[in-house]
């Protein structure tokens, strides 16, 4: 099992500010669905659906991955992150300001917002690449992990560049030679598979044994999966852009998603020392939802596939780890602030299993209602599904803040 280098971890407030920023974005996505009505799930081009999608991908997952990797890279991967406190704070401002501008532009506030949104967001991704890439290349050991995260970083930058181009096209500032639907497909595929899922897979080989007691995925299996995506995704994207043929791209997405999902499920089934039942349940639900998304995509149900992947599967993977990381950061904060000899509360006391189960239950309700709203759109069902998303992320935010409250209460007792 990978040992954590606690002394190499950054100041707790740097990753935590990203992780605590995700619940408001999830609540915004749910509110956008609530206000839009049943038409929101009938086409991928509905303004509210586009806005909610990017509230998820940039606001929720963007903050979550940036915050998690700021902690994970130095502490677990031995990778030095450049820039320090100033760069991390700048990244936080750029990412969230850019995401807010883009969500507002997509929702129809003003076409004038597309240009600044694209510039700010592209700047955020370039900054994060500049912070992480030199350390990924210079570090030694954990080669497979570093290669996986390096590929994800390349995909994130490519997706951001494509997104900036799309934003400028929508604003009427540029005319590009490729069809808008083809560019959107490649942008979404590169972002969801190349950036988000690939990051989860690379980190998952380390954190599944650490937090779930799962068996370690054979290095060869992950290397084949990563290598397959690194080769197949650009080729399929090129086919989509140049020949308007979406079949190769859909095939890559379906095969990669199913392979990842079955890998997660098989590792859980063969876990030698299973633990952390709420986290295991979340990843299991995420894997099942990912298979359902792949089946929907293969059947040509693009909106349903997107909802299942972005609003159901990825949150199950991400939120469970978010709870673990924030609880660990709370413990690390106490570890650094308390003198030696003081007995610290365990991580499980800062984040009790009952809290994790409550969060899982609310996300499970939202995960049930969202695809139902797509399959049987009605004003009431879409509104209820959006409200369920709001409630789930509100409870997540409250649960995350409870870690800080419990830590503050412990410190008050020590000082007394």
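Glycine is no exception: its Cβ is also placed from the backbone N, Cα and C atoms.
Going by TrEMBL, these are the annotated features:
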type	residues	note
TRANSMEM	25-45	transmembrane segment
TRANSMEM	51-73	transmembrane segment
TRANSMEM	93-113	transmembrane segment
TRANSMEM	119-139	transmembrane segment
TRANSMEM	151-176	transmembrane segment
TRANSMEM	188-207	transmembrane segment
TRANSMEM	219-239	transmembrane segment
TRANSMEM	251-269	transmembrane segment
TRANSMEM	281-299	transmembrane segment
TRANSMEM	305-334	transmembrane segment
TRANSMEM	355-373	transmembrane segment
TRANSMEM	379-401	transmembrane segment
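Note on the transmembrane segment (379-401): residues 19-20, 22-27, 29-38, 40-41, 60, 311, 319, 322-323, 326, 351, 355-356, 358-359, 362-363, 365-366, 369-370, 372-373 of its chain, located 6 or more positions outside it, place their CB under 8 angstroms from a CB of the stretch. The transmembrane segment (188-207) and the transmembrane segment (93-113) are not in contact, since fewer than 3 Cβ pairs between them lie under 8 Å (pairs 6 or more apart in sequence). Comparing 25-45, 51-73, 151-176, 219-239, 251-269 for CB pairs under 8 angstroms to the transmembrane segment (305-334), the maximum falls on 51-73. Remote same-chain residues near the transmembrane segment (219-239) are listed as 144, 147-148, 151, 155, 186, 189-190, 193-194, 198, 201-202, 205, 245, 248-249, 251-252, 256, 259-260, 263 (criterion: CB distance under 8 Å, separation of at least six residues from the stretch ends). Here the transmembrane segment (281-299) has long-range neighbours at 208, 212, 250, 253-254, 257-258, 260-262, 264-265, 268, 305-306, 308-309, 312-317, 319-320, 360, 363-364, 367, 371, meaning same-chain residues at least 6 beyond its ends whose C-beta is under 8 angstroms from one of its own. Tertiary proximity for the transmembrane segment (51-73) is limited to same-chain residues at least six positions away from its ends with a CB under 8 Å from its CB atoms, namely 9-10, 14-19, 21-22, 24-26, 28-30, 32-33, 40, 79-81, 88, 91-92, 95-96, 98-99, 102-104, 106-107, 121, 128, 132, 135-136, 149, 191-192, 195-196, 199, 203, 306, 310-311, 314-315, 318, 321-322, 325, 329, 393. Within the chain carrying the transmembrane segment (251-269), a Cβ under 8 angstroms from the stretch's Cβ atoms is held by residues 189, 193, 197, 201, 204, 208, 212, 214-215, 217, 221, 225, 228-229, 232-233, 236, 280, 283-284, 286-288, 290-291, 293-294, 297-298, 309, all 6 or more beyond its ends. With a cut-off of 8 Å between Cβ atoms, the residues of this chain six or more beyond the transmembrane segment (25-45) that come close are 51-53, 55-56, 58-60, 63, 99, 103, 107, 184, 302-303, 306-307, 311, 315, 366, 373-374, 377-379, 381-383, 385-394, 396-397.
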